[in-house]
Amino acid sequence: MPRAPHSMPLLLLLLLLSSLPQAQAAFPQDPTPLLTSDLQGASPSSWFRGLEDDAVAAELGLDFQRFLTLNRTLLVAARDHVFSFDLQAQEEGEGLVPNKFLTWRSQDMENCAVRGKLTDECYNYIRVLVPWNSQTLLACGTNSFSPMCRSYGITSLQQEGEELSGQARCPFDATQSTVAIFAEGSLYSATAADFQASDAVVYRSLGPQPPLRSAKYDSKWLREPHFVYALEHGEHVYFFFREVSVEDARLGRVQFSRVARVCKRDMGGSPRALDRHWTSFLKLRLNCSVPGDSTFYFDVLQSLTGPVNLHGRSALFGVFTTQTNSIPGSAVCAFYLDDIERGFEGKFKEQRSLDGAWTPVSEDKVPSPRPGSCAGVGAAASFSSSQDLPDDVLLFIKAHPLLDPAVPPATHQPLLTLTSRALLTQVAVDGMAGPHRNTTVLFLGSNDGTVLKVLPPGGQSLGSEPIVLEEIDAYSHARCSGKRSPRAARRIIGLELDTEGHRLFVAFPGCIVYLSLSRCARHGACQRSCLASLDPYCGWHRSRGCMSIRGPGGTDVDLTGNQESTEHGDCQDGATGSQSGPGDSAYGVRRDLSPASASRSIPIPLLLACVAAAFALGASVSGLLVSCACRRANRRRSKDIETPGLPRPLSLRSLARLHGGGPEPPPPPKDGDAAQTPQLYTTFLPPPDGGSPPELACLPTPETTPELPVKHLRASGGPWEWNQNGNNASEGPGRPPRGCSGAGGPAPRVLVRPPPPGCPGQAVEVTTLEELLRYLHGPQPPRKGSEPLASAPFTSRPPASEPGASLFVDSSPMPRDGVPPLRLDVPPEGKRAAPSGRPALSAPAPRLGVGGSRRLPFPTHRAPPGLLTRVPSGGPARYSGGPGRHLLYLGRPEGHRGRSLKRVDVKSPLSPKPPLASPPQPAPHGGHFNF
């Protein structure tokens, strides 16, 4: 394997350092608020929970539903009531007390409970509250899951006319979404039209034009939508919502933010297609995402504002969050209205197969006039009514309501992203803040009860990053909790901005509260603190100090600050950011660092980059050191292996010397000659030239290596016990039992293998490890190639015992698995015993063409390789080999003969030493081999 160059760690380090700033720029960090505050010490009249004599409100709270501001009157829709607040009276210092209210209770609560609904769900929740005209108000409520609508006078809040059906105008359940708006005398509503909320509908009614609706149960039009906002603009009515995506259904239930529109002049289709349905319904995706190589999307629309001036163009501000099962995060994106209108001129998308991807439709397949166009205007100007449109246009718009591409954000990236805080839920925008009415301020509500006041990028700060001016904890558990869970009770579900009254109304499920847009009095007489807050609602007055700015400011308000002017009183050091108390003149200010403090501060990204660089550098240096150490150790180990003449216990070369065969070892190399390393890996097949087998052909293999004995292991007896090789079948009726020879001594069982050419025919009995080591490292006398090998006669060997004899053994300790140490014996030269009818278990497979009596596949003049065979206990077995060849026997001491023998395969040793011939000596009886 090629080694990595030493410069690779440095390249990886440079790549890491170069990627850190890009990663930081790709995903902005959460800004830190300059000022934090809460409503502790605020007047109790700042909250409104409901009527004091309402027992249900005392238990459940307000159950807020919707805000509506008309003619300096704030209308609050809630459970069973609509409250009216005079904003002029509130501005004069009165508390949050309604001057009028209407009560509309459900008369069908008993039937609602019979349907299996809870009592808390059977109240009349006012979900729709829109002005019908300048004098009349339309209110629709759930009415115990039987929605109804009424009209009321705006000033008197008295009912006018009869009740109307609320189906397709108001949802059945208070938890279902709905939006509604009047345009040219007709009510455009979007909600669920049935009890199960399975029929989502965009509906037009209550006007001079015929009622129209969206396609029923068609997921291409609407798929489980959650409607957020409705807007009339130009010739169209726009609906903003989120729904389960149809183009990415393979990813699961992924929600996308959408905007759909219909023509106000739409009269429906012909009887052949889209009769009493919209012929101009189109929708496209709103893209709020962080750009980069891998785009990070905020797909779930939570709230949207009306048109606000942004950089001289009309824009909508929306709050978006991530998917419910994704990393929690929120973002604020703005969309220009002209970009939205331009998006509806994009390409149509279609799905050509059931599991295929959605792709744009080529322009040559789009009929004319362009589907979705308003009749009498633009491309369909030649058609006076939508009912006159061609059928192919109507059928195409029915099957292709989705457009491509998505609408990009106004600044091509979010104005604000938050990933380490609670999720944003609501947004309100003041596009005319400050003394010159040219500053945009965002007010954001979250699901933990906090309100953020934010300057978007490019505002007063003239920077590219948003500035969180203030973070306010607006929730009060004592006033707003009710019977809800703490998490649900803290969620902000409504924001209403009163710029003339310099107030922000915040709605929780159980109450509403109003906040001042600024807290300039906290800066007191500290000019530096007042100006460092960057609050467009605060300014410095020479005589009155830091004061609130409402409307255009006079010449006596200093906005930039005169550094030479005298500061009134002591100022807290803005660099510390400490908050000693509400009375502090610079309570909570964290800006306007002094030059010395700014020079001493270290940016967090730079600190992280330094830590990563130090870690990478240390890892690379450690890797180099470890690599050098391992390389040196390998070089030293290879040098030790190549050095001849050093004794080593039981090394591969020692075994090769012990068991090797063939010619004498070569003489030591001369000076300058490289040492010849013997070949360690060789084959067991004979060489093609018919010569001697390789040097290591007699090396033992893992199968031939005997196992060490175990101390004090007794053999278990039984009538069905077999030996280790399973070959204790009957060997003849006339043979004595196993373990007893004819002379009264134990009969040994041996494994025999003919030696390969060049291997000695004699062996050395080795019973201890010390003897083996002495033999390995002892002197090597010269070999006598023609010296006859001494052998001991085997005529006195007793016959094999009966199969059942091995079942009864003495109680002496046995070696491991009942196998005593092996001994090398010399076979007799006499007559060989008849071969057993059972083939040797250690014989090779017939496929190899070797073994006892099988036909050899190679020429007979070539000596076959030495193989292992089994010899019965009664005498030596037949072995393959010519005359003059000797066998290698594996014997066992006398004291352990007759016991079961574990199968082992031992190859013949090839040793350059002259074999030490010794006849087998009987081991003393009762000898134990406990190692």
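Every residue, even glycine, has its Cβ placed from backbone N, Cα and C.
Here CYS530 is paired by Swiss-Prot through a disulfide bond, and of CYS520, CYS546 its partner is CYS546. Cross-referencing ASN438, ASN728 with Swiss-Prot, the residue annotated as N-linked glycosylation site turns out to be ASN438. Checking the candidates CYS333, CYS374 against Swiss-Prot, the cysteine paired with CYS288 through a disulfide bond is CYS333. Out of CYS480, CYS511, CYS538, the record in Swiss-Prot bonds CYS520 through a disulfide to CYS538. Per Swiss-Prot, the disulphide partner of CYS122 among CYS112, CYS140 is CYS112. Which of CYS480, CYS526 pairs with CYS511 is settled by Swiss-Prot: its disulfide partner is CYS480.
According to Swiss-Prot, CYS263 forms a disulfide bond with CYS374, chosen from CYS170, CYS374. Across the topological domain 'Extracellular' (26-605), mean pLDDT in this model comes to 88.
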